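Residues or ranges marked as domain 'BAR' in TrEMBL: 28-261. What TrEMBL records for 264-335 is domain 'SH3'.
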Amino acid sequence: MAEIGKGVSAGKLAINVQKTLSRAQEKVLQKLGKADETRDAAFEEMVTNFNKQMADGTKLQKDLKAYLAAVKAMHDASRRLHDCLADMYEPDWFGKEEMDTLAEDTDTLWLDYHQNITDKSLLSMDTYLSRFPEVKARIAKRNRKMVDFDSARHHFASLQKGKKKDEVKIAKAEEDLGRAQKIFEELNVELQDELPGLWDSRVGIYVNSFQSLASHQEKFHREMSKVGGLHLIDHTPLVNTWTCASILVQSAVTNGSDGELPPGFLYKVMTVHDYTATDGDELELKIGDVVLVLAFDNPEEQDDGWLLGLKESHWLQKKDVSAKGVFPENFTQKV
């Protein structure tokens, strides 16, 4: 309660105390059934919708913040993992510059993803929810003014029914009733006009928020797969880590070989999907296998989308090309 002399006069303070007491007395009488209460079923439904809308929006805002925190945690984990690989990587190993570039591009994508969700989804929810406290305060004020109106109405009715009519008091009570009714009805009409529109606005906000989130998710995974040089959309959070690891494995294998290559060698590929051979001339592949791609003796025998190759591990151990076979090109990536 404000202190007298600090912006609140004694008269104003007394009026506020009297209003509070009158409202409390009116609510008690209404609960006891000794005084009728102004009811508006349509408005009460609007308030119920408003409270649900505010609760739903607040929950969505909270979950978006939790999602953003998870994105940041994944970004931090990705960065630490790249740093770990960079520390392990020896300067003379193959692909050092590519791995550094990959780490930088990945970091940029994570930053952009976090910022886009913040700007397009979270901030729009923040703006949407910023309206609710003010509307909630006006609903509470409308309810207080409704109690004042009921109290003035009952006071005026009691004076009119009294045995000894005091015309001065009755005139004053009637004036107070008119004033209370005017204030209440102005607030009531204002809110009845505003609440339905606010309720309907939730659909557009929710649709835009989720569409924006889905769009940025799709873009992030698509761009991440491009950075990693793979097209594993369903597993893109792991793609760049796997790509770094594959560069590391390829570096170790390359530096460990004696430089001798089989006849017809063209280039090397890294397996990115397991492939189970279905014919005797096909090569069985596991993720991470390095394959030496060879030229076909007869180019006309090569089918579109298929390569001829030999696992590098087999070549390094046995220097034998008899284990060569064909395999689908889209299960590998060039290194």
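Every residue gets a Cβ built from N, Cα and C, even glycine.
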Open item on the list: Quick check on the domain 'SH3' (264-335): DSSP residue counts for helix, strand, coil, in that order please.
Closed with: 13 helix, 28 strand, 31 coil
Task: Mean of pLDDT values spanning the domain 'BAR' (28-261) - done: 82
